[in-house]
Amino acid sequence: MRIPRTLVITGFCLGSLAHHQHRLKDHEQLAFTQGSQQSDKTWLEKYGPQFDQSFSGPLSFSHLPYFRCLENEQEDFDIAILGMPFDTAVTYRPGARFGPFAIRSGSRRQRIIRGYTLSWANDPYALGQKIIDCGDVPVSPFDNALAVDQMEVAYSTLLARTTARDPEVQPVTSSLSKDGKEHPRIVSLGGDHTIVLPILRSLYKVYGPISVIHFDAHLDTWAAYPGQTSEQSRVTHGTFFYLANEEGLLANNSVHAGIRCKLAGLEDLSNDESVGFQVISTDDIDDLGIPAIISKIRKRIGDSPVYLSLDIDVIDPGLAPATGTPEAGGWTTRELKRIIRGLAGLNFVGADIVEVAPAYDNAEITGIAAADFVHDFLSMFLSKEPPKRQGHHKQLAQSV
């Protein structure tokens, strides 16, 4: 009797499957036996020290050492990351109180494996200065006057801290400060833009009048908003520069860049000039180009102690949607990063990034962009001049 070919093949397959299952069972039994024999080993013995992946671990900026610096008075540093989760002085969409969390979350892939960038030709974490995350100022969400005072006291507390580096070997701010002493620098994570008023009050006590490089879609030099009937109601994220000028905190050589907001009229520009600002509009990047914008900013600031404030809405909302007052037609992330690199070597005494409101974000793109700007701030602080990138260009030319 002839056995059908299909039955032969089927029988062969079933036999092979049974044989394979038997071998698999033996392998699983061996693996189980080996596992039980090695179960007395600790994690440290078997796998080594515990470490954080880019997506795991406690949330600090770029996985930096985290300290509650306001209570830990013995912790020194050269540069601190400080969150200011304040958003109760906004004129449109709230939510920037969650900005520090979003920016830290966006930074998780930075530094933990690699921190060197081609554009800067450095790794800011490997340049000999102690950089730490000082957590958040526990600002009141109920009382704006109290919150503004809390932010000023917190910033002043950290400005008075001793630097970790030897000030005689690596002086940075002592030639700018009124007391001739070295003071650390702080990168603040907002929060709405109102946080700059208490920051300028703190910086003024150390350095005197401050020049400001202000990246923003809006002027933020308005005197008041409709409905303001009390002294405290004058303090908003659109009036803080006007108030700072009233208090004598600003030098007369500050500059806006990226302006494109709607105005009441030319009188807004006249008021802005009286506050001490020069305007670079969003469209100037097309008409003048990036090198010309860098040159205008550097010429305007000169050798003054300078503070950089970056409102994320300077970026086009198509690239950074998570903000309270979006304005169409902004700069790209890449354009602004190039401008920031061109500012290295100025006398920076601090910086911030504000108005990141993650409730309006998509796939963390705003938080990631904001975190990358902070990385740029650190490299900018620690560079004596704009990077030339000649080595990279040479290697690129040779590979073509």
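Cβ atoms are placed via backbone N, Cα and C, with glycine included.
The Mn(2+) binding site annotation in TrEMBL covers His193, Asp216, His218, Asp220, Asp311, Asp313.
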Are there residues of the same chain, six or more positions away from Asp313 (Mn(2+) binding site), whose CB falls under 8 angstroms from its CB, and which are they? Asp216, Ala217, His218, Ala320, Thr323, Gly324, Thr325, Pro326, Glu327, Gly330, Glu355
Apart from the site residues His193, Asp216, His218, Asp220, Asp311, Asp313, the 8 Å Cβ neighbourhood of the Mn(2+) centroid comprises His214, Ala217, His237, Gly238, Val314, Thr325, Val354, Glu355
Other C-beta atoms within 10 angstroms of the C-beta of His193 (Mn(2+) binding site) total 31
Relative to the Cβ position of Asp311 (Mn(2+) binding site), how many further Cβ atoms are located within 10 Å? 26
